Structure formats: C-alpha cells, structure tokens
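Database features (TrEMBL):
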| type | residues | note |
| --- | --- | --- |
| DOMAIN | 10-222 | domain 'Sugar phosphate transporter' |
| TRANSMEM | 20-41 | transmembrane segment |
| TRANSMEM | 48-66 | transmembrane segment |
| TRANSMEM | 72-92 | transmembrane segment |
| TRANSMEM | 112-129 | transmembrane segment |
| TRANSMEM | 149-168 | transmembrane segment |
| TRANSMEM | 180-201 | transmembrane segment |
| TRANSMEM | 207-226 | transmembrane segment |
Amino acid sequence: ALSTSLDIGLSNWSFLYVTVSLYTMTKSSAILFILLFSLLFKLEEVRVALLLVVLLIAGGLFMFTYKSTQFNAQGFVLVLCASFLGGIRWTLTQILMQKADLGLQNPIDIMFHLQPLMFLGLFPLFAVFEGLPLSISEKLFHFHEAGMLFSLVGKLFLGGILAFGLGFSEFLLVSRTSSLTLSIAGIFKEICILFLATHLLGDRLSLLNWLGFAVCLSGISLHVILKAMNSKGEKALKLHKEASSDPDLELLLRHTEHGE
C-alpha cells in the first residue's frame with residue numbers, strides 16, 4: 001500500500017515540472033524495475049527472449065520521445081522514483097493476489113484492504129505540501145461561485161471513477177497473468193497518451209520517434225507471441241500429466257498412437 005500510494009503521488013506530483021512526453025518516456029523504465037524485482041522474488045525466470053522484449057520496448061519508447069520534450073531534473077527524479085516504487089508495487093501485488101491461501105484473488109478484495117492504507121500513506125504528504133493552500137483556495141473551501149465548486153467536484157468525482165476502473169482492471173490482470181504482462185500491456189496506454197500529447201499539446205514527432213514507435217510495437221508483439229506459445233506448452237504438459245495419472249486414458253492414447 002505504501003509503495004502504491006507513493007508511486008501514484010510522486011507520478012502526479014511530477015506533472016508540475018515535466019511534460020506528458022517526458023513523463024511517459026521516464027515512466028517506461030518501470031518495466032525494467034518490474035523485471036528486476038520479478039527476478040529477485042523469483043516470479044520470472046531469466047530468459048534471453050524476455051530480456052529482448054524489455055529492451056525492445058524500453059528502447060522503442062526512448063526513441064519515440066527522444067528530443068521531443070523539455071528536460072527538468074526535479075520532475076525527472078520524481079518520475080524515476082515513482083517507476084522504482086512501481087516495480088516494487090506490482091511484484092508485491094502479484095505475490096499477494098496469486099497466493100491462494102490469502103484469498104485476495106478478487107480485485108475488489110485487495111482494493112478494499114489496500115485503499116485505506118494508501119490513504120494513510122499519502123495523507124502526510126498532502127497535509128504538508130497541499131493542506132494549507134487547499135484550505136484557503138477559492139475553488140473549494142472559500143468558493144464564491146457555486147458553479148465553480150460543482151464543476152471542480154464533478155471533475156474530481158469523474159477522475160475518481162476512472163481511477164477505480166483502472167485499478168480494478170490492473171489488479172484483475174495481475175491476478176490472472178503477471179506484473180510484467182501488466183506493464184507491457186500498459187505500453188499501449190502510454191502510446192495513446194503520446195498521440196494525444198502530439199494532437200492536443202502540439203508535440204512534434206520526428207522520423208526517429210516513429211521508428212521508436214515501430215520498435216516498441218515489435219516488442220509488444222514478441223511478448224504476445226511468447227505468451228501464447230508458453231500457454232500452449234503448459235496446456236499440453238498438463239494434459240500429458242493427467243493422461244499419465246489415469247491408466248485407462250493412457251492405454252487409450254497408446255492404442256490411438258498405434259492406430260495412427
């Protein structure tokens with residue numbers, strides 16, 4: 001809960017200093033941290049193909065946003081810390097959700113346990129850095145126009161609903177697959193963010209940026225193919241074990257093989 005709250009808090013805080021493109025580029029390093037902690041906690045095995053996927057995606061995202069942003073050291077450090085905490089966050093979440101004896105496979109269950117602790121983890125930072133400015137803000141507590149207040153509360157409510165839906169889908173994906181798969185699937189979201197930044201915020205992309213986009217998509221495609229191949233291999237192995245444990249089924253399979 002602490003790593004999750006600080007990941008979200010530092011990520012949002014960084015937007016005071018960095019552009020969307022720089023944030024997306026730096027946040028993509030979370031894949032590397034997730035892979036590192038997945039290997040440390042023995043959630044993933046070291047494979048050349050897996051390292052190739054991560055390098056393709058990270059390198060592609062870097063090329064996709066190269067020289068398209070204004071650099072800010074303070075914001076960069078905030079996003080990098082959030083990426084590091086994100087690696088801890090999702091590997092620990094995978095451990096919690098995939099342990100059957102804990103009974104936290106349902107996304108609602110884990111959100112019910114995590115959200116209050118996340119609030120406690122972020123509240124001290126909120127109180128120190130934003131408590132006083134918010135308490136005297138004319139947009140909230142010292143408002144003069146009811147329309148402005150309702151507009152702000154409506155935006156906060158809509159943002160809360162979207163954040164709940166995002167958290168629910170992320171926890172559901174981690175419970176069924178892995179934290180690394182979640183991070184790689186999230187690349188599509190980051191690509192969409194970059195496209196919106198180019199159209200709405202006026203960011204321009206060079207030929208190198210588009211090449212990075214192609215490299216990134218190739219890494220995602222490779223991961224999908226590898227996942228599909230591993231899934232088929234696991235199913236075949238499971239069927240073979242079940243056949244070996246059932247003498248009648250094994251005898252039937254042998255007869256079938258001889259008949260062929």
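Each residue's number is its place along the chain shown, starting with 1.
The backbone N, Cα and C atoms fix where each Cβ goes, and this holds for glycine too.
The shown structure was predicted, so the numbers you read here are calculated from the model rather than taken from an experiment.
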Checklist entry - Under 8 Å, at least three CB pairs between the transmembrane segment (48-66) and the transmembrane segment (112-129) (pairs 6 or more apart)? => result no
Checklist outcome for this item: Best-packed against the transmembrane segment (20-41), counting Cβ pairs under 8 Å over 149-168, 180-201, 207-226, is stretch 180-201
Item to check | Mean of the pLDDT scores, which run from 0 to 100, over the domain 'Sugar phosphate transporter' (10-222) | outcome: 78
